[in-house]
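Visitor: The transmembrane segment annotation in TrEMBL covers 7-23, 81-100, 112-130, 136-158, 165-186, 192-212.
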Amino acid sequence: MLKSKWLILYFVTLLADIIFIALDMDTFRYATKPLLMVILAVYLLGSGVKMPGSSRPLLLLALFFSFGGDVLLLFDKFFLPGLGSFLLAHVMYIAFFLKIRYSNHPIPLCKYPLVFLNAAVVIVFILFLLPYLGSLAIPVIIYAITISITVQSVLHAFHFRQQPAGWYCIIGAVLFLVSDSLIATGKFYHPLPYGGILVMLTYGIAQWGLVYGSIRYFTERITNYELRITDLREEQH
């Protein structure tokens, strides 16, 4: 029950942040926006789920750097440091999901059509924005490539039919890509109608999906392991 309360608080805070955007009450967002990642971190720590090795610290670091990005992007003059903080968050996510992939036996097969599709979408988007990026072209391109790798790392971490928790993670990763694409389009090309609302809606659901899906995956893995142990013991008797 306590765990679900943190998720309810998360979505209430997300809704409040979106309302503040709609009403141009930016001052209140200094509280609501940074609070989102804090709530997710507390939810993760309070979940009690066992994660092997460095998995939990990597996920917490992803939330920490996301928190830093959230705070920095509240100020237009800190766009580049904010971008750098989110870049580090994606590096943590990539390392986290690669750990899942290489401990998930048999290792999930490479999904080449989706790899090429993801790469094509990112390349087309970069080429579309390139004339408008100016001096920020290199950091934005590096960031776009990195978030593309995040999507690929999630895509290849799970056996989705047997591990449905992976769907939360891949939806989260794709929505993260969508959210950042909306930010880039609005900042460098042309402001989008309801752009701020769409950015926070997709971003908020994305972060929830990545964290919730990860917790659910490790919970299911432990449950399945315990069931196999029980079956083996029953067979021995």
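Every residue gets a Cβ built from N, Cα and C, even glycine.
The model shown is predicted, which means the values in this text are computed figures rather than measured ones.
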Visitor: Between the transmembrane segment (81-100) and the stretches 7-23, 112-130, 136-158, 165-186, 192-212, work out which stretch tops the count of Cβ pairs under 8 Å.
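Guide: Ranking 7-23, 112-130, 136-158, 165-186, 192-212 by Cβ pairs under 8 Å to the transmembrane segment (81-100) puts 136-158 first.
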Visitor: Taking 112-130, 165-186, 192-212 as candidates, which has the most Cβ pairs under 8 Å with the transmembrane segment (136-158)?
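Guide: If we count Cβ pairs closer than 8 Å to the transmembrane segment (136-158), 165-186 scores highest.
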Visitor: Can you name the far-off residues of the same chain, 6+ from the ends of the transmembrane segment (112-130), with a Cβ under 8 Å from a Cβ of it?
Guide: 137, 140-141, 144-145, 148, 151-152, 155, 181, 184-185, 188-189
